[in-house]
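Presented below is the structure to which this report refers.
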Amino acid sequence: MFILTMGLNHHTAPIDIREKLVFKETEEEMALVTLLQEKSILENVIISTCNRTEIVAVVDQIHTGRYYLKRFMANWFQMDMEKIEPYLFFHEEAEAVNHLYKVTAGLDSLVLGETQILGQVKHAFEIAKQTGTTGTLLNKLFREVVTFAKKVHHHTKINENAVSVSYAAVEVAKKLYGSLDNKKIVLIGAGEMSELALQNLAGSGIADITIINRTKSNAEILAHQFQAKVGAYENMSDHLLEADIVLVSTSAEEPIIKQVAMQELMEQKASSMLVIDIGLPRNVEHDCSYIPNFHLYDIDDLAGVVSANSLERQRIVQELENTIETEVRSFFEWEKQLGVVPVIRALREKALDMQEVTMTSLENKLPGLTEREYIQIGKHMKSIINQMLKQPISELKEMSVEENADTSIEHFKRIFGLTETDVAIIEKEQAETRS
């Protein structure tokens, strides 16, 4: 079994490609199950956010796994494989695990150290686990990765001033206007990204914020939390006419702000307007950027305007990368030890069989034993067996991660009289349990 990651992100694909390759939240479970039915795919988790679509999979062979991951992607999004392929990246084994650690800790994000991705990775894993597309390897890997990322954000300063892409959006507004005092802001959308934007706007001197959402009750909840106003969705044009800054982040699959309508609106508007589109797919038609005084930024534009990270943060990143290397080695040592689990179980079962034979012999030779005495003897005998096996099992685990591990394990089986049949029975039971 091998760990293989395939995906595209803000490093490899522009937004006009990424927005076509986003898994809808309502279709996540179906996508996971469909992928699991592909040849070579044994486990899978799909991570789909505004900046990345990545599949982490366990495959039986790297070469066939790569092909079937690409085929699934092309079929799911109804695109030619040749059109998608130039934007895809693949990471195998240690490189794949290393990449997942960096992604989850926010080291691969548009905004270094952002925390939102941790929740997104955790959610992706939980959905896959509930759907039944994860197994021994990915369950272990994602638990370790999430735990590590939590420690990173708790014990380092990597996430200072870096909450999410929403943070970058607010920084753009500050760079353009300097002070945001007395600016009128309209937020379109009442989801997580809008909430994060409001958190970043807090303390910026803005007193006039209007939230517009198709479902008005969601806007009202957010407005109450941040002392903002609620605008009617059907009156969006009126609110845009008065706005200085507009942040747009909805789950709409088609643009809700269109070039023709904005051209007419801007002809009536006396001042310029900054529009930051952090939706994916994009919520604002790209042609709006050609309208005079209509300053449009999308997610990719944000990368070029966020200030460079300080030397201190770069130092922390270097330290984290070194720590991640240690975590990756630890994971693969654990994986190697998985290979000796059937041997350990076979050894324990052989010892328990010997105990059972001995207890039966005792019962026949000492018919006067009470039930309590018989049980106590059995407990003590089991304790002796466990103590005697503790050191050999520990040594076996150590052997499994050393050079010539296969030869050492074969010697171990010969010493304890374990046959290939003994081990094969356990391996078959494990395979049936996983399936």
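Note that Cβ sites are derived from N, Cα and C of the backbone, with glycine treated the same way.
In the three-state DSSP reading, CYS50 (active site, nucleophile) counts as coil. Residues or ranges marked as active site, nucleophile in Swiss-Prot: CYS50.
Of all the Cβ atoms in the protein chains shown, 23 others lie within 10 Å of the Cβ of CYS50 (active site, nucleophile). Annotated substrate binding site per Swiss-Prot: THR49, CYS50, ASN51, ARG52, SER109, GLU114, THR115, GLN116, GLN120, in sequence order.
For GLY189, ALA190, GLY191, GLU192, MET193, SER194, the entry in Swiss-Prot reads NADP(+) binding site. Within 10 Å of the C-beta atom of MET193 (NADP(+) binding site) sit 24 other C-beta atoms, taking all shown protein chains into account.
In the three-state DSSP scheme, HIS99 (site 'Important for activity') falls into the helix class. For HIS99, the entry in Swiss-Prot reads site 'Important for activity', with the evidence type sequence analysis.
When the binding-site residues THR49, THR115, GLN120, SER194 are scored by other C-beta atoms within 10 Å, SER194 scores highest. Nearest in space to ALA190 (NADP(+) binding site), taking C-alpha to C-alpha distance over the recorded positions CYS50, ASN51, SER109, THR115, is CYS50. With respect to their backbone Cα atoms, CYS50 (active site, nucleophile) and THR115 (substrate binding site) stand 14 Å from each other. Every protein chain shown contributes to the tally, and the Cβ of GLY189 (NADP(+) binding site) ends up with 26 other Cβ atoms within 10 Å.
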